[in-house]
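J.: Below you will find the structure I want to go over with you.
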Amino acid sequence: MPEASRWHRGGTSKPKLHYRKEVEIRTTLQELLLYFIFLINLCILTFGMVNPHMYYLNKVMSSLFLDTSVSGDERTNFKSIRSTTDFWKYMEGPLLEGLYWDSWYTNQKLYNLKNSSRIYYENIILGVPRVRQLKVRNNTCKVYSSFQSLITECYDKYTAENEDLSDFGLQSNTEWMYSTSNTSSPWHWGFVGVYRNGGFIFTLSKSKSETKNKFIDLRLNSWITRGTRVIFIDFSLYNANVNLFCIIRLVAEFPATGGILTSWQFYSVKLLRYVSYYDYFIASCEVTFCIFLVVFTTQEIKKIKEFKSAYLKSIWNWLELLLLVLCFTAVSFNIYCNIQLFLLLGQLLENTEKYSDFYFLAYWHVYYNNIIAVTIFFAWIKIFKFISFNKTMSQLSSTLSRCIKDIVGFAIMFFIIFFAYAQLGFLVFGSQVDDFSTFQNSIFTQFRIVLGDCNFAGIQQANWILGPIYFITFIFFVFFVLLNMFLAIINDTYSEVKADYSIGRRPDFELGNMIKKGCFNALEKLKLKKAQKDEDVNIKSSGELAEEARRQGFDENEIQRAEKMKKWKERLEKKYYSTEIEDDYQPVTQQEFQELFLYAVELEKELHYISLKLNRVMRKLLY
(Lines of atoms letter the chains of each structure in order from A and count residues from 1; the text may use other names and numbers.)
(Lines give C-alpha, C1' and ligand atoms only; values in the text may rest on other atoms or scores of the structure.)
Protein backbone atom coordinates (compact mmCIF):
# COMPACT_ATOMS: atom_id res chain seq x y z
CA MET A 1 0.00 0.00 0.00
CA PRO A 2 1.36 3.46 -0.86
CA GLU A 3 2.67 5.49 2.02
CA ALA A 4 0.21 8.34 1.46
CA SER A 5 -2.80 6.03 1.72
CA ARG A 6 -1.52 4.72 5.06
CA TRP A 7 -1.42 8.27 6.44
CA HIS A 8 -4.89 9.12 5.09
CA ARG A 9 -6.30 6.01 6.76
CA GLY A 10 -4.91 6.99 10.14
CA GLY A 11 -1.93 4.60 10.25
CA THR A 12 1.73 5.38 10.79
CA SER A 13 4.48 3.63 8.97
CA LYS A 14 6.48 1.46 11.33
CA PRO A 15 9.92 2.61 10.21
CA LYS A 16 8.94 6.24 10.86
CA LEU A 17 7.31 5.35 14.16
CA HIS A 18 10.40 3.43 15.24
CA TYR A 19 12.65 6.31 14.16
CA ARG A 20 10.55 8.81 16.08
CA LYS A 21 10.77 6.69 19.20
CA GLU A 22 14.52 6.33 18.92
CA VAL A 23 14.91 10.10 18.49
CA GLU A 24 12.71 10.73 21.54
CA ILE A 25 14.66 8.23 23.64
CA ARG A 26 18.00 9.68 22.54
CA THR A 27 16.76 13.16 23.43
CA THR A 28 15.67 11.94 26.88
CA LEU A 29 19.06 10.32 27.41
CA GLN A 30 20.82 13.55 26.45
CA GLU A 31 18.62 15.54 28.85
CA LEU A 32 19.29 13.02 31.62
CA LEU A 33 23.05 13.14 31.06
CA LEU A 34 23.06 16.94 30.97
CA TYR A 35 20.95 17.12 34.10
CA PHE A 36 23.23 14.71 35.98
CA ILE A 37 26.20 16.93 35.15
CA PHE A 38 24.23 19.93 36.47
CA LEU A 39 23.28 18.03 39.63
CA ILE A 40 26.86 16.94 40.32
CA ASN A 41 28.02 20.53 39.83
CA LEU A 42 25.32 21.79 42.21
CA CYS A 43 26.28 19.19 44.85
CA ILE A 44 29.94 20.21 44.67
CA LEU A 45 28.88 23.85 44.94
CA THR A 46 26.66 23.31 47.99
CA PHE A 47 29.01 21.00 49.87
CA GLY A 48 31.82 23.48 49.21
CA MET A 49 29.84 26.09 51.16
CA VAL A 50 29.59 23.89 54.27
CA ASN A 51 32.60 23.33 56.46
CA PRO A 52 32.69 20.72 59.26
CA HIS A 53 34.56 23.28 61.35
CA MET A 54 31.36 25.37 61.45
CA TYR A 55 29.75 22.86 63.79
CA TYR A 56 32.80 22.58 66.03
CA LEU A 57 33.20 26.36 66.26
CA ASN A 58 29.53 26.76 67.24
CA LYS A 59 29.86 23.92 69.75
CA VAL A 60 32.95 25.40 71.40
CA MET A 61 31.39 28.86 71.68
CA SER A 62 28.04 27.62 72.95
CA SER A 63 29.77 25.48 75.56
CA LEU A 64 31.79 28.49 76.74
CA PHE A 65 29.00 31.08 76.91
CA LEU A 66 25.94 28.92 77.63
CA ASP A 67 27.12 26.04 79.82
CA THR A 68 29.78 27.70 81.97
CA SER A 69 28.39 28.14 85.49
CA VAL A 70 28.79 31.04 87.89
CA SER A 71 31.69 30.59 90.28
CA GLY A 72 30.35 29.19 93.56
CA ASP A 73 26.93 28.41 92.08
CA GLU A 74 27.05 25.43 89.75
CA ARG A 75 23.34 25.65 88.95
CA THR A 76 23.48 29.14 87.41
CA ASN A 77 24.53 29.51 83.77
CA PHE A 78 23.05 31.45 80.87
CA LYS A 79 20.47 28.76 80.12
CA SER A 80 19.22 28.71 83.71
CA ILE A 81 18.91 32.48 84.28
CA ARG A 82 15.49 33.23 85.82
CA SER A 83 15.95 36.55 87.66
CA THR A 84 17.74 39.88 87.37
CA THR A 85 20.17 38.80 90.11
CA ASP A 86 21.12 35.70 88.11
CA PHE A 87 21.59 37.87 85.04
CA TRP A 88 24.10 40.19 86.73
CA LYS A 89 25.93 37.20 88.18
CA TYR A 90 26.30 35.82 84.68
CA MET A 91 27.45 39.15 83.24
CA GLU A 92 30.13 39.62 85.93
CA GLY A 93 31.14 35.96 85.90
CA PRO A 94 31.02 33.54 82.89
CA LEU A 95 30.54 36.27 80.25
CA LEU A 96 33.43 38.36 81.53
CA GLU A 97 35.72 35.35 81.86
CA GLY A 98 34.74 34.06 78.43
CA LEU A 99 35.41 37.32 76.59
CA TYR A 100 38.83 38.09 78.05
CA TRP A 101 41.73 35.67 77.72
CA ASP A 102 44.55 37.86 78.99
CA SER A 103 47.40 35.37 79.11
CA TRP A 104 48.57 31.83 78.39
CA TYR A 105 48.46 29.26 81.21
CA THR A 106 52.09 30.23 81.99
CA ASN A 107 50.94 33.86 82.48
CA GLN A 108 52.81 34.81 79.30
CA LYS A 109 51.31 37.63 77.21
CA LEU A 110 50.58 36.31 73.72
CA TYR A 111 49.35 39.44 71.92
CA ASN A 112 48.83 43.16 72.25
CA LEU A 113 45.63 43.76 74.20
CA LYS A 114 45.25 47.27 72.77
CA ASN A 115 44.69 45.95 69.28
CA SER A 116 42.76 42.74 69.76
CA SER A 117 41.07 40.39 72.20
CA ARG A 118 40.98 36.66 71.58
CA ILE A 119 38.79 33.82 72.82
CA TYR A 120 40.52 30.47 73.30
CA TYR A 121 43.59 32.33 71.96
CA GLU A 122 42.53 31.49 68.37
CA ASN A 123 39.35 33.53 67.79
CA ILE A 124 39.90 37.26 67.49
CA ILE A 125 37.02 39.52 68.58
CA LEU A 126 36.14 41.97 65.79
CA GLY A 127 35.73 45.38 67.38
CA VAL A 128 34.22 45.23 70.86
CA PRO A 129 31.11 43.46 72.24
CA ARG A 130 27.87 45.41 72.60
CA VAL A 131 25.02 45.25 75.12
CA ARG A 132 21.63 46.66 74.08
CA GLN A 133 18.40 47.09 76.05
CA LEU A 134 14.82 47.77 74.93
CA LYS A 135 12.20 49.10 77.37
CA VAL A 136 8.49 49.88 77.46
CA ARG A 137 6.79 52.93 78.99
CA ASN A 138 4.84 52.96 82.22
CA ASN A 139 1.02 52.93 82.01
CA THR A 140 1.02 51.14 78.65
CA CYS A 141 -1.62 48.71 79.92
CA LYS A 142 -5.00 49.34 81.52
CA VAL A 143 -5.54 48.39 85.17
CA TYR A 144 -9.00 47.25 86.22
CA SER A 145 -10.77 49.87 88.35
CA SER A 146 -10.93 47.69 91.48
CA PHE A 147 -7.09 47.38 91.51
CA GLN A 148 -6.15 50.96 90.61
CA SER A 149 -5.66 51.87 94.27
CA LEU A 150 -3.19 48.99 94.68
CA ILE A 151 -1.33 49.14 91.37
CA THR A 152 0.13 52.46 90.25
CA GLU A 153 2.54 51.15 87.58
CA CYS A 154 1.75 48.91 84.63
CA TYR A 155 4.22 47.82 81.94
CA ASP A 156 2.72 46.02 78.95
CA LYS A 157 4.48 43.56 76.64
CA TYR A 158 6.93 44.95 74.09
CA THR A 159 5.66 46.49 70.87
CA ALA A 160 7.03 49.30 68.75
CA GLU A 161 4.17 51.53 70.01
CA ASN A 162 4.88 50.76 73.68
CA GLU A 163 8.66 51.27 73.45
CA ASP A 164 10.20 53.79 75.84
CA LEU A 165 12.43 56.28 73.99
CA SER A 166 13.11 58.67 76.86
CA ASP A 167 16.41 58.89 78.74
CA PHE A 168 16.54 57.53 82.29
CA GLY A 169 18.87 56.97 85.24
CA LEU A 170 22.12 58.94 85.34
CA GLN A 171 21.64 60.28 81.78
CA SER A 172 25.40 60.78 81.58
CA ASN A 173 26.49 58.12 79.07
CA THR A 174 25.03 56.36 76.03
CA GLU A 175 23.74 53.45 78.13
CA TRP A 176 21.25 55.82 79.79
CA MET A 177 20.17 57.57 76.58
CA TYR A 178 18.13 56.13 73.72
CA SER A 179 20.08 55.59 70.48
CA THR A 180 18.47 55.04 67.10
CA SER A 181 19.77 52.31 64.82
CA ASN A 182 22.16 53.16 62.03
CA THR A 183 22.38 49.61 60.65
CA SER A 184 20.25 47.54 58.28
CA SER A 185 20.05 44.50 60.55
CA PRO A 186 16.65 42.77 60.61
CA TRP A 187 14.40 42.88 63.66
CA HIS A 188 14.81 40.06 66.14
CA TRP A 189 11.98 37.56 66.58
CA GLY A 190 12.01 36.34 70.18
CA PHE A 191 9.81 34.12 72.33
CA VAL A 192 7.38 36.81 73.43
CA GLY A 193 7.90 39.64 70.93
CA VAL A 194 9.51 41.04 67.82
CA TYR A 195 12.22 43.56 68.74
CA ARG A 196 13.50 46.32 66.53
CA ASN A 197 16.97 47.87 66.38
CA GLY A 198 18.19 50.74 68.52
CA GLY A 199 17.74 51.08 72.27
CA PHE A 200 19.92 51.88 75.25
CA ILE A 201 23.38 50.73 74.18
CA PHE A 202 26.85 50.47 75.63
CA THR A 203 30.00 48.79 74.35
CA LEU A 204 32.54 46.90 76.42
CA SER A 205 36.14 47.88 76.85
CA LYS A 206 39.16 45.90 75.71
CA SER A 207 40.26 45.86 79.33
CA LYS A 208 38.73 43.21 81.57
CA SER A 209 38.92 45.35 84.71
CA GLU A 210 37.24 48.33 83.03
CA THR A 211 34.42 46.13 81.78
CA LYS A 212 33.90 44.60 85.22
CA ASN A 213 33.69 48.07 86.80
CA LYS A 214 31.20 49.04 84.13
CA PHE A 215 28.95 46.07 84.95
CA ILE A 216 29.11 46.87 88.68
CA ASP A 217 28.25 50.51 88.06
CA LEU A 218 25.24 49.60 85.91
CA ARG A 219 24.02 47.07 88.48
CA LEU A 220 24.29 49.50 91.38
CA ASN A 221 22.48 52.25 89.45
CA SER A 222 19.62 49.93 88.34
CA TRP A 223 20.20 49.93 84.60
CA ILE A 224 17.69 47.06 84.39
CA THR A 225 14.26 48.37 85.40
CA ARG A 226 10.70 47.06 85.52
CA GLY A 227 10.20 48.41 82.02
CA THR A 228 13.07 46.33 80.58
CA ARG A 229 11.78 43.80 78.07
CA VAL A 230 14.92 42.47 76.35
CA ILE A 231 18.72 42.67 76.54
CA PHE A 232 20.97 41.67 73.62
CA ILE A 233 24.66 40.76 73.98
CA ASP A 234 26.28 40.86 70.52
CA PHE A 235 29.84 40.20 69.38
CA SER A 236 31.64 38.72 66.38
CA LEU A 237 34.72 36.51 66.07
CA TYR A 238 37.06 35.51 63.27
CA ASN A 239 39.18 32.36 63.21
CA ALA A 240 41.93 32.63 60.62
CA ASN A 241 42.91 28.97 61.03
CA VAL A 242 39.67 27.80 59.40
CA ASN A 243 38.67 31.10 57.71
CA LEU A 244 35.33 31.33 59.53
CA PHE A 245 33.40 34.16 61.14
CA CYS A 246 31.26 33.38 64.20
CA ILE A 247 28.53 35.90 64.94
CA ILE A 248 27.07 35.43 68.44
CA ARG A 249 23.90 36.89 69.94
CA LEU A 250 22.78 36.13 73.50
CA VAL A 251 19.22 37.24 74.26
CA ALA A 252 17.53 37.66 77.65
CA GLU A 253 13.81 38.48 77.40
CA PHE A 254 11.92 39.96 80.35
CA PRO A 255 8.25 39.08 79.71
CA ALA A 256 5.40 41.04 81.28
CA THR A 257 4.70 38.00 83.49
CA GLY A 258 8.07 38.39 85.23
CA GLY A 259 11.14 36.18 85.11
CA ILE A 260 13.64 35.86 82.26
CA LEU A 261 13.59 33.75 79.08
CA THR A 262 16.99 33.15 77.46
CA SER A 263 17.78 32.31 73.85
CA TRP A 264 20.84 32.46 71.63
CA GLN A 265 22.10 32.47 68.05
CA PHE A 266 25.48 31.21 66.82
CA TYR A 267 26.15 31.78 63.11
CA SER A 268 29.41 30.34 61.76
CA VAL A 269 29.71 31.56 58.19
CA LYS A 270 32.39 31.80 55.54
CA LEU A 271 32.23 35.42 54.45
CA LEU A 272 35.69 35.47 52.80
CA ARG A 273 34.83 32.89 50.16
CA TYR A 274 37.79 32.94 47.74
CA VAL A 275 41.05 32.34 49.59
CA SER A 276 42.42 28.85 48.79
CA TYR A 277 42.71 26.94 45.50
CA TYR A 278 39.67 24.87 46.45
CA ASP A 279 37.69 28.09 46.86
CA TYR A 280 38.58 29.08 43.29
CA PHE A 281 37.44 25.63 42.13
CA ILE A 282 34.09 26.32 43.82
CA ALA A 283 34.03 29.67 42.01
CA SER A 284 34.40 27.82 38.68
CA CYS A 285 31.47 25.60 39.72
CA GLU A 286 29.43 28.77 40.35
CA VAL A 287 30.20 29.98 36.82
CA THR A 288 29.21 26.55 35.44
CA PHE A 289 25.99 26.73 37.45
CA CYS A 290 25.13 30.08 35.85
CA ILE A 291 25.78 28.63 32.37
CA PHE A 292 23.47 25.69 33.09
CA LEU A 293 20.87 28.13 34.40
CA VAL A 294 20.94 30.09 31.13
CA VAL A 295 20.67 26.86 29.08
CA PHE A 296 17.73 25.51 31.10
CA THR A 297 15.96 28.87 30.99
CA THR A 298 16.31 28.97 27.20
CA GLN A 299 14.90 25.44 26.92
CA GLU A 300 11.88 26.27 29.06
CA ILE A 301 11.18 29.46 27.09
CA LYS A 302 11.19 27.42 23.87
CA LYS A 303 8.80 24.88 25.41
CA ILE A 304 6.43 27.63 26.57
CA LYS A 305 6.40 29.16 23.08
CA GLU A 306 5.79 25.75 21.50
CA PHE A 307 3.10 24.35 23.83
CA LYS A 308 1.65 27.64 25.17
CA SER A 309 -1.15 26.94 27.70
CA ALA A 310 -0.67 23.17 27.42
CA TYR A 311 2.77 23.65 29.00
CA LEU A 312 1.17 24.30 32.41
CA LYS A 313 -0.78 21.02 32.39
CA SER A 314 2.27 18.95 33.36
CA ILE A 315 3.42 18.88 36.98
CA TRP A 316 7.01 18.40 35.81
CA ASN A 317 6.88 21.73 34.00
CA TRP A 318 5.73 23.40 37.22
CA LEU A 319 8.68 21.78 38.99
CA GLU A 320 11.00 23.10 36.27
CA LEU A 321 9.67 26.63 36.79
CA LEU A 322 9.99 26.35 40.58
CA LEU A 323 13.57 25.13 40.22
CA LEU A 324 14.44 28.02 37.91
CA VAL A 325 12.90 30.56 40.30
CA LEU A 326 14.90 29.11 43.20
CA CYS A 327 18.10 29.14 41.16
CA PHE A 328 17.66 32.77 40.14
CA THR A 329 16.82 33.67 43.75
CA ALA A 330 19.99 31.93 44.97
CA VAL A 331 22.11 33.75 42.37
CA SER A 332 20.52 37.07 43.38
CA PHE A 333 21.22 36.40 47.07
CA ASN A 334 24.81 35.46 46.30
CA ILE A 335 25.40 38.65 44.33
CA TYR A 336 23.72 40.77 47.03
CA CYS A 337 25.76 39.17 49.86
CA ASN A 338 29.05 39.62 47.97
CA ILE A 339 28.27 43.27 47.21
CA GLN A 340 27.33 44.01 50.84
CA LEU A 341 30.45 42.21 52.07
CA PHE A 342 32.62 44.23 49.68
CA LEU A 343 31.04 47.50 50.86
CA LEU A 344 30.89 46.81 54.61
CA LEU A 345 33.86 44.60 55.50
CA GLY A 346 36.41 47.38 55.27
CA GLN A 347 34.26 49.75 57.33
CA LEU A 348 33.60 47.14 60.03
CA LEU A 349 37.28 46.33 60.46
CA GLU A 350 38.44 49.94 60.29
CA ASN A 351 37.83 50.92 63.93
CA THR A 352 38.64 48.26 66.53
CA GLU A 353 37.23 50.39 69.36
CA LYS A 354 33.64 50.20 68.06
CA TYR A 355 31.14 47.40 67.74
CA SER A 356 31.35 45.66 64.35
CA ASP A 357 27.83 44.66 63.29
CA PHE A 358 28.40 41.49 61.28
CA TYR A 359 24.94 40.21 62.22
CA PHE A 360 23.46 41.74 59.06
CA LEU A 361 25.92 39.89 56.79
CA ALA A 362 25.58 36.61 58.68
CA TYR A 363 21.77 36.78 58.64
CA TRP A 364 21.52 37.10 54.88
CA HIS A 365 24.31 34.56 54.33
CA VAL A 366 22.33 32.00 56.35
CA TYR A 367 19.25 32.75 54.27
CA TYR A 368 21.33 32.23 51.12
CA ASN A 369 22.42 28.82 52.44
CA ASN A 370 18.78 27.94 53.17
CA ILE A 371 17.71 28.81 49.62
CA ILE A 372 20.54 26.71 48.19
CA ALA A 373 19.44 23.81 50.43
CA VAL A 374 15.83 24.03 49.16
CA THR A 375 17.10 24.33 45.58
CA ILE A 376 19.16 21.15 45.73
CA PHE A 377 16.25 19.34 47.38
CA PHE A 378 13.95 20.05 44.43
CA ALA A 379 16.83 19.34 42.04
CA TRP A 380 17.00 15.80 43.41
CA ILE A 381 13.20 15.46 43.24
CA LYS A 382 13.35 16.27 39.52
CA ILE A 383 15.18 12.98 38.91
CA PHE A 384 11.78 11.28 39.22
CA LYS A 385 11.00 12.80 35.84
CA PHE A 386 13.46 10.35 34.27
CA ILE A 387 12.37 7.18 36.08
CA SER A 388 10.33 5.70 33.21
CA PHE A 389 13.22 3.31 32.46
CA ASN A 390 12.75 1.61 35.85
CA LYS A 391 9.72 -0.62 36.34
CA THR A 392 9.63 -0.39 40.15
CA MET A 393 9.85 3.41 40.20
CA SER A 394 7.24 3.61 37.45
CA GLN A 395 4.90 1.54 39.60
CA LEU A 396 5.49 3.94 42.49
CA SER A 397 4.71 7.03 40.41
CA SER A 398 1.65 5.35 38.89
CA THR A 399 0.40 4.43 42.37
CA LEU A 400 0.77 7.99 43.66
CA SER A 401 -0.83 9.54 40.57
CA ARG A 402 -3.81 7.17 40.72
CA CYS A 403 -4.58 7.59 44.42
CA ILE A 404 -3.99 11.35 44.62
CA LYS A 405 -7.73 12.12 44.59
CA ASP A 406 -8.44 9.61 47.35
CA ILE A 407 -5.53 10.98 49.39
CA VAL A 408 -6.79 14.57 49.04
CA GLY A 409 -10.25 13.51 50.21
CA PHE A 410 -8.74 11.57 53.09
CA ALA A 411 -6.47 14.52 54.01
CA ILE A 412 -9.49 16.81 54.42
CA MET A 413 -11.12 14.35 56.82
CA PHE A 414 -7.80 13.73 58.64
CA PHE A 415 -6.98 17.40 59.25
CA ILE A 416 -10.53 18.21 60.41
CA ILE A 417 -10.12 15.64 63.20
CA PHE A 418 -6.45 16.54 63.75
CA PHE A 419 -7.07 20.28 64.20
CA ALA A 420 -10.08 19.55 66.41
CA TYR A 421 -7.83 17.58 68.77
CA ALA A 422 -5.12 20.27 68.53
CA GLN A 423 -7.56 22.95 69.66
CA LEU A 424 -8.87 20.71 72.42
CA GLY A 425 -5.34 20.10 73.70
CA PHE A 426 -4.44 23.80 73.53
CA LEU A 427 -7.51 24.91 75.48
CA VAL A 428 -7.36 22.16 78.12
CA PHE A 429 -3.59 21.78 78.70
CA GLY A 430 -2.15 25.02 77.25
CA SER A 431 -1.77 26.83 80.58
CA GLN A 432 0.14 23.99 82.26
CA VAL A 433 1.95 21.83 79.68
CA ASP A 434 4.73 23.38 77.61
CA ASP A 435 4.00 21.16 74.61
CA PHE A 436 0.49 22.67 74.35
CA SER A 437 1.38 26.26 75.34
CA THR A 438 0.44 27.58 71.87
CA PHE A 439 -1.80 26.27 69.12
CA GLN A 440 1.25 25.72 66.89
CA ASN A 441 2.95 23.72 69.64
CA SER A 442 -0.20 21.60 69.99
CA ILE A 443 -0.12 20.72 66.29
CA PHE A 444 3.53 19.64 66.35
CA THR A 445 3.04 17.80 69.66
CA GLN A 446 0.30 15.68 68.09
CA PHE A 447 2.59 14.72 65.22
CA ARG A 448 5.12 13.66 67.86
CA ILE A 449 2.43 11.60 69.64
CA VAL A 450 1.75 9.75 66.39
CA LEU A 451 5.49 8.93 66.24
CA GLY A 452 5.46 7.70 69.85
CA ASP A 453 6.94 10.75 71.62
CA CYS A 454 4.40 11.75 74.25
CA ASN A 455 4.43 13.36 77.70
CA PHE A 456 1.42 11.48 79.05
CA ALA A 457 2.33 12.23 82.67
CA GLY A 458 2.15 15.98 82.03
CA ILE A 459 -1.21 15.65 80.27
CA GLN A 460 -2.63 13.52 83.07
CA GLN A 461 -1.35 15.90 85.73
CA ALA A 462 -2.89 18.91 83.95
CA ASN A 463 -6.33 17.30 83.85
CA TRP A 464 -6.78 13.83 85.31
CA ILE A 465 -10.19 13.35 83.59
CA LEU A 466 -9.86 14.94 80.14
CA GLY A 467 -6.15 14.08 79.84
CA PRO A 468 -6.53 10.29 79.52
CA ILE A 469 -9.72 10.68 77.44
CA TYR A 470 -7.91 13.00 75.03
CA PHE A 471 -4.90 10.68 74.76
CA ILE A 472 -6.84 7.40 74.31
CA THR A 473 -9.34 8.75 71.77
CA PHE A 474 -6.61 10.57 69.81
CA ILE A 475 -4.50 7.40 69.57
CA PHE A 476 -7.54 5.33 68.57
CA PHE A 477 -9.01 7.60 65.89
CA VAL A 478 -5.83 9.12 64.45
CA PHE A 479 -3.31 6.32 64.85
CA PHE A 480 -5.38 3.13 64.56
CA VAL A 481 -8.17 4.32 62.24
CA LEU A 482 -7.07 7.23 60.08
CA LEU A 483 -3.46 6.21 59.50
CA ASN A 484 -4.51 2.67 58.61
CA MET A 485 -7.09 4.09 56.19
CA PHE A 486 -4.28 6.07 54.58
CA LEU A 487 -2.13 2.95 54.23
CA ALA A 488 -5.11 1.00 52.90
CA ILE A 489 -5.69 3.58 50.14
CA ILE A 490 -2.08 3.35 48.99
CA ASN A 491 -1.95 -0.45 49.35
CA ASP A 492 -5.17 -0.96 47.37
CA THR A 493 -4.01 1.34 44.58
CA TYR A 494 -0.62 -0.35 44.47
CA SER A 495 -2.32 -3.75 44.13
CA GLU A 496 -4.35 -2.44 41.18
CA VAL A 497 -1.25 -1.01 39.51
CA LYS A 498 0.65 -4.26 40.03
CA ALA A 499 -2.26 -6.26 38.59
CA ASP A 500 -2.38 -4.00 35.53
CA TYR A 501 1.34 -4.43 35.02
CA SER A 502 1.06 -8.21 35.29
CA ILE A 503 -1.48 -8.40 32.42
CA GLY A 504 0.51 -6.07 30.20
CA ARG A 505 -1.11 -2.69 30.83
CA ARG A 506 2.13 -0.93 31.48
CA PRO A 507 4.02 2.01 30.01
CA ASP A 508 6.89 1.17 27.75
CA PHE A 509 10.35 1.07 29.21
CA GLU A 510 12.12 2.04 26.01
CA LEU A 511 14.74 4.11 27.80
CA GLY A 512 15.85 1.13 29.86
CA ASN A 513 15.81 -1.14 26.82
CA MET A 514 17.89 1.33 24.89
CA ILE A 515 20.43 1.59 27.71
CA LYS A 516 20.58 -2.23 27.82
CA LYS A 517 20.88 -2.46 24.07
CA GLY A 518 23.68 0.13 24.06
CA CYS A 519 25.56 -1.81 26.75
CA PHE A 520 25.20 -5.08 24.86
CA ASN A 521 26.38 -3.47 21.64
CA ALA A 522 29.39 -2.01 23.43
CA LEU A 523 30.24 -5.41 24.93
CA GLU A 524 29.87 -7.09 21.55
CA LYS A 525 32.20 -4.56 19.96
CA LEU A 526 34.70 -5.14 22.76
CA LYS A 527 34.24 -8.94 22.13
CA LEU A 528 33.24 -9.44 25.75
CA LYS A 529 29.85 -10.92 24.83
CA LYS A 530 29.04 -13.13 21.84
CA ALA A 531 26.08 -12.16 19.74
CA GLN A 532 23.21 -14.62 19.68
CA LYS A 533 22.72 -16.37 16.38
CA ASP A 534 19.58 -17.92 15.05
CA GLU A 535 21.30 -21.19 14.22
CA ASP A 536 22.21 -21.67 17.89
CA VAL A 537 18.55 -22.09 18.72
CA ASN A 538 17.39 -25.62 18.15
CA ILE A 539 13.96 -25.30 16.48
CA LYS A 540 12.20 -28.15 14.76
CA SER A 541 11.27 -27.62 11.12
CA SER A 542 7.66 -27.70 9.96
CA GLY A 543 8.27 -31.02 8.15
CA GLU A 544 9.44 -32.71 11.34
CA LEU A 545 6.39 -31.44 13.20
CA ALA A 546 4.04 -32.71 10.46
CA GLU A 547 5.67 -36.18 10.47
CA GLU A 548 5.30 -36.38 14.25
CA ALA A 549 1.62 -35.40 13.98
CA ARG A 550 0.99 -38.24 11.43
CA ARG A 551 2.57 -40.75 13.79
CA GLN A 552 0.16 -39.60 16.52
CA GLY A 553 -2.90 -40.32 14.28
CA PHE A 554 -3.92 -36.86 13.01
CA ASP A 555 -5.50 -36.85 9.51
CA GLU A 556 -4.12 -34.78 6.61
CA ASN A 557 -6.85 -32.09 6.74
CA GLU A 558 -6.08 -31.32 10.37
CA ILE A 559 -2.34 -31.20 9.67
CA GLN A 560 -2.79 -28.83 6.69
CA ARG A 561 -5.14 -26.58 8.66
CA ALA A 562 -2.62 -26.44 11.55
CA GLU A 563 0.24 -25.59 9.18
CA LYS A 564 -1.83 -22.83 7.62
CA MET A 565 -2.68 -21.39 11.04
CA LYS A 566 0.98 -21.60 12.12
CA LYS A 567 2.18 -19.65 9.07
CA TRP A 568 -0.54 -17.03 9.54
CA LYS A 569 0.30 -16.67 13.21
CA GLU A 570 4.03 -16.31 12.54
CA ARG A 571 3.36 -13.64 9.90
CA LEU A 572 1.10 -11.66 12.22
CA GLU A 573 3.44 -12.00 15.18
CA LYS A 574 6.34 -10.82 13.07
CA LYS A 575 4.25 -7.89 11.92
CA TYR A 576 2.68 -6.79 15.22
CA TYR A 577 4.95 -8.16 17.94
CA SER A 578 8.34 -7.19 16.66
CA THR A 579 10.95 -6.76 19.40
CA GLU A 580 12.18 -3.62 17.68
CA ILE A 581 8.93 -1.73 18.33
CA GLU A 582 7.32 -2.37 21.69
CA ASP A 583 4.28 -0.10 21.55
CA ASP A 584 1.00 -1.47 22.95
CA TYR A 585 -0.98 1.33 21.32
CA GLN A 586 0.17 1.42 17.70
CA PRO A 587 -2.38 2.79 15.19
CA VAL A 588 -3.44 0.27 12.49
CA THR A 589 -4.82 0.70 9.00
CA GLN A 590 -8.16 -0.69 7.75
CA GLN A 591 -6.44 -3.54 5.92
CA GLU A 592 -4.46 -4.50 9.02
CA PHE A 593 -7.64 -4.47 11.06
CA GLN A 594 -9.34 -6.82 8.57
CA GLU A 595 -6.42 -9.24 8.77
CA LEU A 596 -6.57 -9.23 12.56
CA PHE A 597 -10.33 -9.78 12.45
CA LEU A 598 -9.97 -12.78 10.11
CA TYR A 599 -7.27 -14.16 12.35
CA ALA A 600 -9.59 -13.87 15.35
CA VAL A 601 -12.37 -15.65 13.40
CA GLU A 602 -10.05 -18.52 12.51
CA LEU A 603 -8.98 -18.80 16.14
CA GLU A 604 -12.64 -18.98 17.15
CA LYS A 605 -13.21 -21.81 14.61
CA GLU A 606 -10.26 -23.73 15.97
CA LEU A 607 -11.50 -23.35 19.54
CA HIS A 608 -14.97 -24.56 18.46
CA TYR A 609 -13.42 -27.58 16.68
CA ILE A 610 -11.34 -28.46 19.75
CA SER A 611 -14.43 -28.15 21.95
CA LEU A 612 -16.35 -30.60 19.75
CA LYS A 613 -13.52 -33.12 19.89
CA LEU A 614 -13.34 -32.84 23.67
CA ASN A 615 -17.12 -33.43 23.94
CA ARG A 616 -16.82 -36.49 21.71
CA VAL A 617 -14.02 -37.90 23.88
CA MET A 618 -15.99 -37.25 27.08
CA ARG A 619 -19.08 -39.05 25.69
CA LYS A 620 -16.98 -42.10 24.78
CA LEU A 621 -15.52 -42.17 28.28
CA LEU A 622 -18.96 -41.88 29.93
CA TYR A 623 -20.81 -44.42 27.75
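Even glycines carry a Cβ here, placed using N, Cα and C.
Summarising the annotation, TrEMBL assigns disulfide bond to Cys141-Cys154. Under the heading domain 'Polycystin', TrEMBL lists 77-272. Annotation source TrEMBL lists domain 'Polycystin cation channel PKD1/PKD2' at 273-497. Annotation comment: TrEMBL describes 32-51, 277-297, 318-346, 366-387, 407-429, 469-490 as transmembrane segment.
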J.: In sequence order, which residues at least six apart in the same chain have a CB under 8 Å from the CB of Cys154 (disulfide bond)?
T.: Asn138, Asn139, Thr140, Cys141, Lys142, Val143
J.: What parts of the chain pack near the transmembrane segment (277-297), using Cβ distances under 8 Å and only residues at least 6 beyond its ends?
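T.: Distant contacts of the transmembrane segment (277-297): 34, 37-38, 41-42, 44-45, 48-49, 320, 324, 327-328, 331, 334.
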J.: Over the domain 'Polycystin cation channel PKD1/PKD2' (273-497), what is the model's average pLDDT?
T.: 87
J.: When you measure from the Cβ of Cys141 (disulfide bond), how many other Cβ atoms are you left with inside 10 Å?
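T.: So the Cβ neighbour count for Cys141 (disulfide bond) comes to 14.
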